[in-house]
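Please read the structure below before turning to the comments.
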């Protein structure tokens, strides 16, 4: 082998290594559905919807609310609330250590963000679960933030919208967590008594105590495409009943077919569609009178709520 043959492969390896070093980390993400490798800035422009197969990837709570609400006038609700390890709980790790790790990973205090703002000029209060924070589990802070958001919506007479993404109640808070199911449900009952609309948007995934309480109590329940929604997971159910579940069981399309949700809305259409529904429920004129929105919510559902309001 000549001296040139010895040098050239070494130079090629060095150049390849330099190129790899010049590419920043976190620029690419693989679609869990079609496995296409996606350029992250492009994916974010598509609101985390795969441009190849239209799969809805999970979206952080803050990005979701910043995208959903108008840019001007957003105001966070109860941003200063911090979780407390009252029980000194420990499983394989201390609860306080899990909280610290989740806060560092997500840069959020807990698994729910609440904001007051506008949707195409219509005042609204919106909350969103952060699934990356301990699986979006509901503890005392999540419940308190939700109740404060519902209270503000009731006092101001503006619609409340919830984007749910949760594994359920937070086991590290035991009964303090389970109490939030009743607490949030009671807040929504007060909202209903005042005739204030509550729209629940079910995103992937929604399970456990969250699905058994606030997530399924919407005046209109909306789901994103192919979202996994239920109480217990499909594997748990199969092991319990010892039967094979139907294809697509617990997916939003299956739930729509069986009447559990009222409509499925693509993420790109969410602002327009929910804005249209809320304007109907609050008897507000549409922004664009010439373009009638394509609502798939049954008119009877909207009429029932309007009649209950009177």
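For all residues, glycine too, the Cβ spot is worked out from N, Cα and C.
Which of 8-30, 31-53 counts as zinc finger depends on Swiss-Prot, and there it is 31-53. A simple Cβ count within 10 Å picks out one of the binding-site residues 31, 53 as the most packed, and that one is 31.
By neighbour count, meaning other C-beta atoms within 10 Å, the densest spot among the binding-site residues 34, 50 is 50. Taking the centre of the Cβ atoms of 31, 34, 50, 53 as the Zn(2+) site, the nearby residues of that chain (Cβ within 8 Å, site residues left out) are 32, 33, 35, 36, 38, 51, 52, 54, 55.
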